[in-house]
Amino acid sequence: MSRYNIETAKSAGFCFGVKRAVEIAEKTAEENGSCYTLGELIHNGSEIARLQKLGVYPIDSPDDLPQGRTLIIRSHGVAKSVTDYIHDKGISCIDATCPFVAKIHNIVSKSECPVIIAGDPDHPEVIGIVGHCRNPDEVTVVRDSDELEKMAELQKFPRQNALIMVAQTTFNSSKWQSCVQVAKKHYTNITIFDTICSATAERQKETEELARRSALMVTVGGKNSSNTAKLAQISQKHCPVIFTQDGSDIDKAAVSELLPLQGGTVGITAGASTPAYIIKEVHRIMSEILNNEEGFDFMAEVDKTFKKVYIGNRVKALVVAVNKNEAVVDLGTKHSGYIPASELSQDPNAAPSDVVKVGDEIEAIVTAVNDAEGTVTLSKKKVDSVLGVEKLAAAMENNETLEGEVSSVVKGGVIIISNGTRVFIPASQTGVPKDGKLEELLKKTVPFKVIEVTEARGRVVGSIRQAKKEANDAAKAKFWENIEVGQKFTGEVKSIESYGVFVDLGGVDGMVHSSELTWNRIKHPREIVKIGDKLDVYVKSFDPEKKRVSLGCKKEEDNPWNKFVAEYHEGDVVDVTIVSITPFGAFAQIIPGVDGLIHISQISTERINNVAQVLSIGDEVKAKIIEINEEQNRVSLSIRALKEEMPEDEEEEAEDAE
């Protein structure tokens, strides 16, 4: 029977998610004596039996967990309600959910619209996905495009409504494409996420190619494994199929009946839950049956499927774990990949969890390879830096203004992290005065211009000052284009002089004269404002050539003169306070903001030469309003008029009282 040769699919066997879950379970059992999985860890009876010998036991509910033991969530994942229950109960738990499944959980949990899931509604992975949807009542699971077509005909979801569609990670690729076509035909506002695991798609593709050129296909895996069953279905379209869990149930007579006399290829494929040792055993059994003495080193064949990595390689990696010291990544090789915290970001203060998340696909550069230990050390920040320098060089070419956070103060300046690259800002370009402190910029997001790039050295120099100057110049130009009398602003007081205050209007300063600050009498603007105050002002006049703007701050509704003319009239006698004395008379406050003049001739019935001999600042006296000039907002007062109106005896009493 040497007419037959055996070919094993290179993609056969454990996928990354299952391999990771098994390794976690084995390590946990070794460290703790035993551990428990929520449901069978994988759909392979032989592997479950092997794991139980190592102390890994399946249970149906978190409540079944023996006290003090650790629970492991398998790669299929679970509903959010289950993880919440585990957390609330304080159960020690390790989440081994496959990152590709976790990605689906993240998609559906963020969606507020109805969800369509292509997959097996009874599969643990699909049940878990449904359990992460915001509204389980608006979730539909379809097994194929026919079910999706029927659902659309029933109009469960209106044609124009927003929807999303995802797939079980092990869903048949060709069935998925059919579902996509039907979904696009019936729904105009649907967002489709292709969430089939890349390893699943590759395994199904390779299985179909192998089945096309094979006389017989042997599919290896658990009878209850969804993804293994799909491989068998794919193979059956092209040749006879034998479905076996571990090879022990393969019937030699059945094999002989299925094989053509002229010989050919016998293909072997295996589901994601099938370990390498079982595939190797099936190959041995088939070799014996076919009397094919060709040697087969399965692990050597597996090695051939792995990519090789070398120091300096730029590779794509999937983040599978993140802790405070590093990120662990899958490179699609037999090595375990590690990115130290110091190599994740240029920002020395960034924690690994701030930079990457489980499920992220990133690029990194290989910095060390240890074949003996099976590890690869990588750097993400070096890739980011290379890409960042290219982007920053383009920004300089296009004169773009960028933003970045000041991460540290160094000798001669500060460092900004932008596009994953360190940008040096010399002290002279920070905009901080010579006697100022650069530390004031720390952790602030600032604009900057790229002024120098040396790509060969990865060196980038920037300027905050240039970016701010350009922004100020643009603001000034826009200001003078749009300014008009009466325009209102809220500005910050930048400086104070004896004659007024200067207010920043957005790149241009305007002046509010002291007389325009308030209706009340003040000696200095500092009495009512301080630097940094916000003032509501309006434009009184402006001169674009001299770049001057005169502002007003007083509001007409607050004008005390209006209140005065409404409440007081000529002939009224009022109580007033002397506020200033001049050679020609005294000014007295009638109400706050309105003063009247008592001319020297109106102070006394007798002739006086010096006002200060009769009145002092702060004196409170009665005076008569003898004139109100509304055009000039002036009030004339008289003390003498009151004395002239007094009877002679009252005047003497008043003089005696004085």
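Keep in mind that glycine also has a Cβ here, set from the backbone N, Cα and C atoms.
Curation does not apply to TrEMBL; its annotations are automatic.
With C98, C197 listed by TrEMBL as binding [4Fe-4S] cluster, the candidate from C15, C35 annotated for that site turns out to be C15. Within H43, H105, H186, H335, the residue that TrEMBL lists together with H76, H123, S225, S226, N227, S273 for binding dimethylallyl diphosphate is H43.
The [4Fe-4S] cluster site is defined by C15, C98, C197, and by the 8 Å test on Cβ atoms against their centroid, the other residues of the chain that qualify are F16, G17, V18, S75, F100, V101, T169, T170, A199, T200, A272. Sequence-ordered, the extra residues of this chain that approach the dimethylallyl diphosphate site, with Cβ no more than 8 Å from the Cβ center of H43, H76, H123, S225, S226, N227, S273, are I42, P124, E125, T170, G222, N224, T228, G271, A272. All protein chains considered, the CB of N227 ((2E)-4-hydroxy-3-methylbut-2-enyl diphosphate binding site) has 28 other CB atoms within 10 Å.
In the three-state DSSP reading, S273 ((2E)-4-hydroxy-3-methylbut-2-enyl diphosphate binding site) counts as coil.
A distance of 11 Å separates the Cα atom of C15 ([4Fe-4S] cluster binding site) from that of N227 ((2E)-4-hydroxy-3-methylbut-2-enyl diphosphate binding site). Inclusion criterion for the binding-site residues H123, N227, S273: a C-alpha placed within 10 angstroms of the C-alpha of C98 ([4Fe-4S] cluster binding site); this criterion is met by none of them. Look at the Cβ of each of the binding-site residues H123, T169, C197 and count the other Cβ atoms within 10 Å; the largest number goes with T169. Residues near H76 ((2E)-4-hydroxy-3-methylbut-2-enyl diphosphate binding site) in space but far in sequence (CB under 8 A, at least 6 apart, same chain), listed by position: G39, T97, C98, V101, H123, P124, E125, G128.
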